[in-house]
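Quick look at what TrEMBL annotates:
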TRANSMEM  25-43  transmembrane segment
TRANSMEM  55-79  transmembrane segment
TRANSMEM  91-109  transmembrane segment
DOMAIN    113-405  domain 'NADH:quinone oxidoreductase/Mrp antiporter transmembrane'
TRANSMEM  115-134  transmembrane segment
TRANSMEM  146-169  transmembrane segment
TRANSMEM  189-208  transmembrane segment
TRANSMEM  229-248  transmembrane segment
TRANSMEM  260-278  transmembrane segment
TRANSMEM  290-309  transmembrane segment
TRANSMEM  358-381  transmembrane segment
TRANSMEM  393-413  transmembrane segment
TRANSMEM  434-456  transmembrane segment
Amino acid sequence: MNSIILLTTFGILNLFVGFRKSNKLILPLVFLFLLIVLLANFYDWNNTQTYFEQMLTIDNFAVAFTAVVVLTTILVVPFGKRYADEQNESLAEFFSILLFALVGAIMMVSYENLIMLFVGIEILSISMYVLAGSDKKNLKSNEAGLKYFLMGSFATGILLFGIVLIYGATGTFTITEISSVATTGSTDALTSPLLAMGLLFTLIGISFKVSAAPFHFWTPDVYEGTPTLFTAFMSTVVKTAGFAGFYKLMSVSFAGAYNIWFPTLVAMTVITLVIGNIGAATQNSFKRMMAYSSISHAGYLMIALLSFNDRSENAIFFYSLAYSITTIAAFGILKIVSDQREDVSYNAFNGLGRTNPLLAAVMTISMCSLAGIPLTGGFFGKLFIFSAALEQNILWLIIVAIIMSMVGIYYYFRVVIAMYMREPSGERVKVDTFTTFTLIFIAILTMVLGIFPGIFSDVL
């Protein structure tokens with residue numbers, strides 16, 4: 001709760017700072033605000049509290065995932081310096097919207113009532129609609145904002161319809177009470193067509209938000225058109241909050257209906273893995289490749305949902321952390337390189353190993369982690385998910401995921417090959433000190449997750 005109060009307060013204060021028209025002042029302030037929020041968040045560790053008549057529950061699960069989304073946002077901010085230099089207007093409103101979006105994300109990981117889940121999704125979604133179209137002079141950004149808004153609004157309507165149907169079948173919006181109604185047999189809610197339809201529509205709505213197939217179609221165009229700074233936020237914070245909320249709903253409310261929703265979710269998982277990886281392998285644009293990569297990682301996280309055992313929530317937490325920090329590094333380096341070489345394809349990275357060895361090294365670590373190569377966080381993220389799935393006896397799905405991971409190695413290592421085996425396509429790429437330290441921190445944290453995974457593998 002401390003995080004929600006502080007972020008709302010800081011977001012409003014940041015708007016007043018914007019009257020000074022000083023972008024140099026805004027970025028350090030936002031960075032400081034977020035550090036305060038991250039520290040205040042841990043005050044709630046092992047101190048479970050409910051708020052607003054059990055609308056929100058701040059427990060260790062909420063604190064852990066709040067830490068992931070806040071840390072991710074902190075790592076995004078240093079790359080905002082380049083975005084600030086490009087803009088002739090104050091960035092206060094953009095970063096205030098980013099803080100408000102974070103409030104929505106935190107509500108999604110700490111809700112106890114489906115109404116609060118919906119409100120959190122709406123706060124996050126509306127903020128992202130604005131940020132996606134924030135580059136007013138770029139037609140692709142305008143298209144991304146409009147497309148995201150139209151499709152997102154449609155998905156929101158489906159989600160709301162699903163929540164209403166669940167209420168109609170169970171008589172409550174509270175997720176623990178929904179579980180009680182479904183498992184005690186006090187009504188025929190568990191086998192009710194009304195509940196089945198409500199659950200289906202809710203799955204569709206949330207699947208859209210996390211880019212799970214077949215509701216992924218908006219992702220490549222929106223990622224490509226959205227300013228890279230906000231694409232980094234969109235591909236990490238939105239996905240982490242979405243899957244945390246998704247897992248909480250299924251594990252608390254619908255554990256008793258596992259056999260009902262398992263076939264639907266397993267089919268979606270396979271489709272997501274195949275479309276995400278095959279789609280990424282066919283792209284020439286790095287941004288579009290990362291969009292399809294985001295879809296594929298949604299598939300791996302869905303395996304953790306299907307596993308549905310004691311290891312699942314820790315697997316989702318670890319994977320979300322490893323995925324988020326490396327994705328931020330990848331988009332951050334793309335922002336640096338594309339600004340100087342005016343290219344977002346793989347060619348933008350040609351010869352980067354010679355023109356800036358540090359950037360190339362961090363990008364290599366990031367690509368290895370996303371591909372699941374040993375000694376990186378991504379490797380243990382996938383290992384923990386596969387271990388959880390193995391306990392559930394879904395070996396065939398693990399085999400599909402491993403095959404798709406091999407496809408992933410191909411398109412991630414295309415970047416590495418471009419950096420070290422091709423001639424430079426421009427002059428030395430320059431990076432400011434603050435951004436350099438951020439990238440070094442991400443690289444070190446990724447390696448720590450890969451060498452000492454036990455530090456974060458049993459948090460929940």
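Along the chain as shown, residues are numbered 1 onward.
Cβ coordinates are placed from backbone N, Cα and C, and glycine is handled just like the others.
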| Residues sitting near the transmembrane segment (393-413): Cβ under 8 Å, six or more positions beyond its termini, same chain? | 266, 269-270, 273-274, 276-278, 280-281, 283, 289, 293, 296, 299-300, 303, 306-307, 367-368, 370-373, 382, 386
| query | Counting Cβ pairs under 8 Å to the transmembrane segment (25-43), which of 55-79, 115-134, 434-456 comes out on top? | reply | 55-79
| field | Listed stretch, out of 146-169, 229-248, 358-381, that has the most CB pairs under 8 angstroms to the transmembrane segment (115-134) | value | 146-169
| said: Under 8 Å for C-beta pairs, could you tell me which stretch among 91-109, 290-309, 358-381 has the largest tally with the transmembrane segment (229-248)? | reply: 91-109
| query | Which listed stretch (55-79, 189-208, 290-309, 434-456) has the most C-beta pairs under 8 A with the transmembrane segment (91-109)? | reply | 55-79
| query | By Cβ distance under 8 Å, which residues at least 6 away from the ends of the transmembrane segment (434-456) in the same chain are close to it? | reply | 75, 78-79, 81, 317-318, 321-322, 325-326, 328-329, 332-333, 336, 358-359, 361-362, 365-366, 369, 374-381, 384
